[in-house]
Structure formats: C-alpha cells, structure tokens
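Right, one structure below, let's go through it.
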Amino acid sequence: MWLLVAENQEEKEAEKKKNITRLLGVKLSYGTSGFRADWLVLQSTVFRVGILAALRSLKTQSVIGLMITASHNIVSDNGIKIADPTGGMLSQDWEPFADALASAPDSQHLAQLIDDFVKKENIPLEGAESAEILLGRDTRPTGKSLLEAAKQGIISIVGAIAVDMGVLTTPQLHWMVRARNKAMNATELDYFNQLSSSFRCLIDLIPQGIAPNKMNGIVVVDGANGVGGEKLEALKRILNGFDIEIRNSGKEGVLNDGVGADFVQKEKVAPRGFGPANAGIRCASLDGDADRLVYFSVLSNSNNKIDLVDGDKILSLFALFIKEQLTYANGASTDYLKQSGLEVMFTPTGVKYLHEKAAEYDIGIYFEANGHGTILFSEGFLHWLDGRNSELALTSKGSEQQKAAMRLLAVSKLINQAVGDALSGLLLVEAILQHMGWSIHKWNELYHDLPSKQLKVKVVDRSAIVTEKAETVVVRPLGIQEVINVETAETVVVRPLGIQEAINVETGKHISLCHALYPCLAPCLYFAHSVEVDLSHFTCLAAHVSHLRLQDFARLWTCTMTLNSLSKFGAGASDLLGCFVRPSGTEDVVSVYAEATTEEAADNLASSVARLVDQFLGFGSS
C-alpha cells in the first residue's frame, strides 16, 4: 500500500479542517500562489500537497520544490505552493488535481482519488523510481508545524524523500529546484555566490566617467519584517562595500504589518521606520517572502507620502539597459531591422501566465506593477551570446562590444530566471542605476503615472465572477459589466495619433496607450537586430506594462521597433478613465482598480464600482 501514514491520523486532520473551514467560511483552491488561508485550516491540505509533490517528482523524474509561505498576507495566514522542475510554478494541468486533493472529505476518498490519478498519469508507485522534494519555509511562526505535515505527506509515497532546506525566501527555493535539475550546485551559499559574483561583474564593467555621487549614495531597504530582510543581511556581508541599510529586518515588528512591498505599492505611503527624515533618499521595499520589489522616495513635508517606482518602471529600466547592451553586442549600433510594428499580447492576471508567455522568446521581461517579475533568456540565445563573447575576446578583447556581451551574460546569472526575486532584482537595479549614473528621481521621470485607486471587496465566492479578454470584461454575473460601462460612460480613451496605421489594433479590445506613458516608455521596449545574427536566436524582446498602467493587469509587448519609427507617433490629449475588476487568485476578494486624470475622480470611480461589486457578490447580495 502506497499510503504509509496511519489513516486515522489523516481522518482526524481532515475532520478538524472541515470543522474549522466551515467556521471560517473558507473554500480552498489552488490559485496563482498555491493554497493560502488562515494556517488553522491548512494542516491536512499541506499533508495532501506533500503527496502531490511526491507524485509530481515521480511523474517528471525531477526534483520538485514545496514552499510554505503566504507572501504578503498577514502573519496569521500561511500557504503552500509547488515549484516545478524548471523552478517555475506548478503546471496548470495539475491544478484541478490539487483542488480535488484539498477537497477530499476523508482518507478513503483521498486514496481513491490518488489511485485514479496515478493510473491516468501512469505514475510508477512500486518504489522502483525515487522522488526528491526540496522543502522551504519563510519566517512565519506556523511554518515549522506545517512543514512537518508536508514531510509526512511526501514520505507516505514509497521512494519519496523530503529534503528540508530551512528558512528561505520563496525565490531561493525556486532557484534551488531549477539549479538541481540543471545539475548545478544548489545550496543557499551557491545562490549568494552567484548573485554576488555576477553583481560584481556588472559593477566592474561600469563605463569610466560615470559619477557615482548622482546615485545619492546609500539605498535603504524595507525588509517587511520577513525572511527577505534576514537574507539581505546575509548577502550584505558577502558584498563588502555595498552601501545598503536594511530596516524592518524581522528582529522587531510584525510581518507585513504596515511594511512591505504590497503595503507600499497599494497605499503609496512610506512603511514603518521611514519618514520625512528620509526625504529624497533612494528606498526599496521587499514583500514578506521576497518575491516582490518596489522602489520609492519619501516626499518632504508630505505626511509620509512617497514617489512610487513600481514594477512597470523596474521593467522599463531593465529594458533600456538590455537594449543598450544588445546594440553593442550585436556589432551594429544603427543597423536595425527596417520592419516596424508592435504586437500587443494579453495574458490573464498572474505571474504563471506571464512567465509562460515570456518564455516563448529569446529574451522575455515581465513585471506586474506590484513588483513581481523577472527576465528570461532562452538557452539558444545564451548559447549564441556565449559564442559571441568568445569571438569578441579573440578579435577585440576589452572592446565595448565584448563588454556588452559580458554584461548580458552577467545579467543572465544575476537575475533569477525561475521566478521573480526581490534580492536579485534589487542588485540588478542598483547595478544599472550605477551604470547609467541615474538617481531614483531621474529614473522615475521615465513617465508619469495617472492617479489611481485600488480597492478590495470581500465576496462569498470569487469564482462567481468570470472575465474574458484577458480580464478586461466581466461576463458573469450578467449585468455587472453593463453597469461598469455606465460608470465609465463619459470616458474618453486616447490613442496616439497614427497608431492604428502602424499597429494592428483590434478596436474591440480597447487597446489604448496613455499620451503621457507611450512616448516615454515605448522607446524602451524594442529589440535591435543585426543582419550578422541568426534571427532564429534573436527574435524579440518581450516586456509588459499594464493596460493603461492598471496594476496587476498583465500585458506583454513584443517589439521590433526603432526610435525613428516610434518618434513619428504624436499623441492626442484628453481625459482618461478606466476601471477593471478581477477575482483574486488567492482569497475570496475581488480587486477593483480605477485610473483617472485626478485623484478625486479615481477615488470616486473605484468606490462606485466597489459598491457595485458588493451589491452583486458581497455577503449581503444573497
């Protein structure tokens, strides 16, 4: 019998979970961040996800990861997620099985469910094959007991072993899984050494004449009182001379309570421990498990208001830097493809969709406005780049072309290609700002955000709201989209003049480019080709910005456009309004996001639509 753990223990845990779940009104489903809820309801679920992780390892014949974390949620919550062999998130094909496991009412149903799935997937359970699962947890006090439950689930499968990697950031565990499956060393020290060596390489390659004093010296980081602050302290000790101060490192204070990237990005105020005394200083904020990163500067005499530099602007900075290096490494600074055009591709909300789409390209950059994102390099492109670097080392060692190739190779090692990583992202931002000699203020001037407001509405069942067209239109409940349309009926959407002729835009998708955003951001998002390069390895640069900068609404841009072709597009000027609603991937809430030309208009629009959502789906709706 594959199930080695006593059935009566599983039954006790299941009954306990059923009672607590009924009391708290929780419906568990495997969302974009795995299962996440009050930790009291998770013991049995975590045990079952341990079984899933072991089966996934047997199926793929690869190392799998299992992380205990609830990211930016309050400290009493916890969660569990799976890292697939690539280091990415669990395959969407297995999510229904995860939901079914969590919902099984008792051990008999659980055993039958697993037996049926094993037969369907042809998973070997005779013990002839081994399974290995790497386990990690963040600093939440409930993590240790939940991790033990996960271990019991794993070892209930014959041949499966659980390797406890200790307290980690979520991106560290994903990195380790990816490294192990690529036959690389995968300890925490290996992670730190790769980040530090590639960061030093980028710093050593900063062009002469760049004035570092423009950087305003030190960067001050809010660690969200979580695992990220702790790990950043360790990384700081390795990076001697890195001018960084870490606050909210977890020694005092409560996890995610008035601190962290989620709080800073949504509230647009400084976290605890920051104030007017820090006005003008370059600051950054991690979230609870260090997979999100945003920057900010505190405004003077402003009651803790900030200038926010969010994920979209981090993406823009990365795209600018990579574009510059590609131009040099390609050996031709002006010989771009004459083909122009912009293809806009939508994905549903959630990094799992973004990551999947970005991986289709030789270089893919994706970010959500909340600061979660990364850069992906295809194996084919890295092979070409490594060869290009070797060629330049022989023919023009030390040239700008070779330095550019070396920078790109360093970026591919510094950035965490498994998943968004606040620590590696922070180091890359700092290296690029030094390379460009930019202050945070110059960086923030890339474009100006429209006033916006985001609200959350608690609902009975988030699955009751169904969207389409990449979550821009609500199709269920019937009638809700029509009322939203009434709320935004006076909206005038602006498109840059001439954009319809240059870009194949379907009017029905409401693809609109803000007159303030487009001229500044679009030039950052193009890919320079050379006729000397095999175009199969050098296809495009994929990047994302939000629809009208709507936070958490993901968009990928695929660009093969030159500055000259972009500069001809003018912009109309008019008022701009937009509002979208979408179900959360992790909890029974619906997010409402609104943008307008004034803060008052954005606040009013968001509040009005939030009331509408509550009427349709809130606890008083039934």
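Placement of Cβ uses the backbone N, Cα and C atoms for every residue, glycine included.
Worth saying up front: this structure is predicted, and the values here are computed from it rather than measured.
Record features (TrEMBL):
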type	residues	note
ACT_SITE	Ser71	active site, phosphoserine intermediate
BINDING	Ser71, Asp287, Asp289, Asp291	Mg(2+) binding site
DOMAIN	61-93	domain 'Alpha-D-phosphohexomutase alpha/beta/alpha'
DOMAIN	128-181	domain 'Alpha-D-phosphohexomutase alpha/beta/alpha'
DOMAIN	310-438	domain 'Phosphoacetylglucosamine mutase AMG1'
DOMAIN	580-611	domain 'Alpha-D-phosphohexomutase C-terminal'
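Positions of the features from TrEMBL, shown on the structure.
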residue : record                                  : Cβ within 10 Å
Ser71   : active site, phosphoserine intermediate : 27
Asp287  : Mg(2+) binding site                     : 32
Asp289  : Mg(2+) binding site                     : 35
Asp291  : Mg(2+) binding site                     : 31
Cα distance, Ser71 (active site, phosphoserine intermediate) to Asp291 (Mg(2+) binding site), nearest Å?
8
Once Ser71, Asp287, Asp289, Asp291 are set aside, which residues in the chain still have Cβ within 8 Å of the Cβ centroid of the Mg(2+) site?
Thr69, His72, Asp138, Thr169, Thr170, Gly226, Gly228, Ala261, Leu286, Gly288, Ala290, Arg292, His372, Ala422
Cα distance (Å, whole number) from Ser71 (active site, phosphoserine intermediate) to Asp287 (Mg(2+) binding site)
7
Euclidean distance between Cα atoms of Asp289 (Mg(2+) binding site) and Ser71 (active site, phosphoserine intermediate), Å
5
Averaged over the whole of the domain 'Alpha-D-phosphohexomutase alpha/beta/alpha' (128-181), what is the pLDDT?
97
